[in-house]
Amino acid sequence: MANYFNTLNLRQKLDQLGRCRFMDREEFADEANFLKGKKIVIVGCGAQGLNQGLNMRDSGLDISYALRPEAIAEKRASFQRATENGFKVGTYEELIPTADLVVNLTPDKQHSKVVADVMPLMKKDSAFGYSHGFNIVEVGEEIRKDITVVMVAPKCPGTEVREEYKRGFGVPTLIAVHPENDPKGEGLAIAKAWAAATGGHKAGVLESSFVAEVKSDLMGEQTILCGMLQAGSIVCYDKLVADGKDPAYAGKLIQYGWETITEALKQGGITLMMDRLSNSAKLRAFELAEQIKESLGFLYYKHMDDIISGHFSATMMADWANGDKDLFAWREATGKTAFENAPKYDGKISEQEYFDNGVLMIAMVKAGVELAFDAMVASGIYEESAYYESLHELPLIANTIARKRLYEMNVVISDTAEYGNYLFSNVATPILAKEIIPNLQKGDLGEPTPAVEIDNITLRDVNDAIRNHPVELIGQELRGYMTDMKRIAVAG
């Protein structure tokens, strides 16, 4: 199999990268009706598999789970999750032949095996679904021509997909139809109904492409969403301890700091996050963000280039073939970092203290979001997609660090995201330690920024620069569709 994106000519590549249309709510008037009365079989019962299935069942759809015989016989976690929630469970041979829609929600590295196993069992003119297009775009999987291939990609972890649905809301979602597999022209109707069944239509749906979803998703998770948070956590903790701060306090400031500051990001973008600072701290955070951009800009664009060319996916798949040797080594090394082993702090840190004592962290968030967004847009990805894969998902990933530090983040995200995270953070961490940390000033991290005389013109220009960055302009528009977003912070 060959990388699908690399088989396209330039015009086709640009067309696929630029597929991005925010769908009107009226387009979902039929909600999930197109799939009602049809048999839907989900392969895989992890976080996305279980929680999407629960939502779809509650929306009136017929859901069952196809698992491997050994998973059933040994009553593995996937079997227990499905049966404990009252779902019908069977083998591929028992359930796939009668399915109208088979939804593959297994990890990326299992997709080719799943396709090889289920495709011969699928009935003529049925449909096959993904929630991430890596297998189609990067692996180049070819699906039988009578089968319709669609994607519904919630822009949140599976647990959040369920929680928002239970609130009567949903999470922003990308949908797509594979242009090589839409024989009856029903792909969009299937994808819309599936998205509605998960609740996504209530938060906003982008009609995208497999290509745009994959390239933007990989870029976001490798850089700002995971890689920057990991690199930032490590260098900020080490700096605080080196400055004589209580290691327990330093650990808590970092662990819960990302979540607290990105909660403001979620509600009002970079503008609101920066507005939580004093004027003196805001000017300093802006200055630090520009320095971080200068140091790390090349790395963001290198990751984007490697994703577009297919170099990243080829490198990762080589590690798959090598038994995930690099992935496991990097995972072990992360577990040994000082931040991961910081003692527990029982004291209280107020919400505002996370902002006042975390100016460098805020600068890292600002620089990282803007760099990731700019790199995606410069590569032909539309602003809406770039926003969802950078700023929008950041509070959700920060929330995982608040639970159990970097370990939890790397457990919750996919192996694909984890591998990309390490590629980025392994390079970014020493750069930040060498070029940014030694030049910090009093008040950049661990204590409030001293008040300085404020020049009105400078403050005006900085505020204008913050508010007029393209990620802020598109973010203000898209957040208008998500006015019911709840707070997710667990900090205390």
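Cβ atoms here come from the backbone N, Cα and C positions, even for glycine.
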Among Asp217, Asp238, Asp243, Asp246, which residue does Swiss-Prot annotate as binding Mg(2+) 2 at the site that also has Glu389, Glu393?
Asp217
Of Gly18, Gly140, Gly158, which does Swiss-Prot put in the NADP(+) site with Cys45, Gly46, Ala47, Gln48, Arg68, Arg76, Ser78, Asp108, Lys109, Gln110?
Gly158
What three-state class does DSSP give Ser78 (NADP(+) binding site)?
helix
Looking at the recorded positions Arg68, Lys109, His132, which sits with the largest number of other Cβ atoms within 10 Å of its Cβ?
His132
8 Å Cβ shell about Asp217, Glu389, Glu393 centroid, Mg(2+) 2 site members excluded:
Lys155, Ser216, Met219, Gly220, Glu221, Leu225, Tyr388, Ser390, His392
Any same-chain residues 6+ apart from Asp217 (Mg(2+) 2 binding site) with CB under 8 Å of its CB? Would you list them in sequence order, or say none?
His132, Ala153, Glu389
Distance [Cα-Cα, Å, rounded] between Lys109 (NADP(+) binding site) and Ser414 (substrate binding site):
10
Whole-number Å distance between the CA of Ser78 (NADP(+) binding site) and the CA of Ser414 (substrate binding site)?
16
Do you know offhand how many angstrom separate Cys45 (NADP(+) binding site) and Glu221 (Mg(2+) 1 binding site) by C-alpha?
22
